[in-house]
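Asker: Have a look at this one before I ask anything.
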Amino acid sequence: SQVSLEEESQNPPAVGHWKPLMPSKSDKEEPEAGCQDAGGVDEPQSTEQLNVSRLRSSSVEIREKGSEFLRDELHKAQKELKLKDKECERLSKVREQLEQELEELTASLFEEAHKMVREANTKQAAAEKQLREARGKIDMLQAEVTALKTLVITSTPSSPNRELHPQLQSPSKAGFRKGHGRNKSTSSAMVSAASQNVAPEPVSRECREVDSILFAEFQAWKESPTLDKSCSFLDRIYREDVGPCLDFTKQELSELVREAVEQNTLTIEPVASQPVPMDKVAAEEYGGPKKCALSGLPRTCKHRIMLGDSGNYYYISPSCRARITAVCNFFTYIRYIQQGLVRQDVELMYWEVMRLRREMSLAKLGFYPSEM
């Protein structure tokens, strides 16, 4: 074995042959002897340097491969990060959209709730108003029934009540009481009793015949009575009687009088015995004891009218009073029919309407009782 080791030490190793970095003890001793024999050339040292360079090159190669691998991993991680950023951005947009939709839905729900509350409050207010009006009408009807009972009880054959029998009164008083009483007053209840229980006053020495067209219009109106001007029955009477009868010289005041008559807010009262002092402007607008406010003519005015609750009085002549009274009598009667207070045959009610229309025509032509 020693001989073989010496032979190996004398023969140099081939290039590329792997030698251990840490030679054995015999290797260290023999090269030293060889070097001394060869005159100072250090072959083992060059081999060791070669091995070190190879190791360095392999470490550099490993480092490059490692850095390349790390770069690839970094690129992969960056791509994944970008994908995750896009996904986060998409999810953020979805969340914002959902939040906006939720806010809009909440706002619409609150708005709908407020709208429903407002509608409920409006309906409740309307219902309360209708209830108050109904109670007012009930009170009015009860007062009228009480007044009727009083009138019926106090009327006897030996001492008839003149309110129940208008034919016993003078035409002027009967017409005035009939046309200008307020609905809630006792006088209106008396008028309703007269309209309800007394047949129309018979016309003496004249014949009458029912007009088929007028009667058909009245029957159609009687089925569902209304104060609307659009129905054929009232439209004809407005055109032929009411309009011409309330058409005075002072057009603006005439319109106000017509509205007050339709709304049942007109009041007529006699003028006081002592005239109230008035200035020139007031006398021009409202008339005076010696001048009619509707016709503008110098006439003796025994009555004055007030429109609603304005507090302004207008002096009117007897002729104008007769025209207004005739129209008021007509509206009073058809209001009682509408309220169901008139219990008569349809034909009798028709002839009463025709009599009231004749009064309006005569008043328009200038005929009026001397008592006015």
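Any Cβ shown, glycine's included, is placed from N, Cα and C.
TrEMBL lists these features:
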type     : residues : note
COILED   : 67-151   : coiled coil
COMPBIAS : 44-57    : compositional bias 'Polar residues'
COMPBIAS : 156-172  : compositional bias 'Polar residues'
COMPBIAS : 184-197  : compositional bias 'Polar residues'
DOMAIN   : 66-149   : domain 'GDP/GTP exchange factor Sec2 N-terminal'
REGION   : 1-57     : region 'Disordered'
REGION   : 156-197  : region 'Disordered'
Asker: Please list the DSSP helix, strand and coil residue counts for the compositional bias 'Polar residues' (44-57).
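Answerer: When I sort the residues of the compositional bias 'Polar residues' (44-57) into the three classes, I find 14 helix, 0 strand, 0 coil.
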Asker: Let's see if you can do this one: DSSP helix, strand and coil counts over the domain 'GDP/GTP exchange factor Sec2 N-terminal' (66-149), in that order.
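Answerer: Its residues divide into 84 helix, 0 strand, 0 coil.
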Asker: What mean pLDDT score does the coiled coil (67-151) have in the model?
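Answerer: Mean per-residue confidence for the coiled coil (67-151): 88 out of 100.
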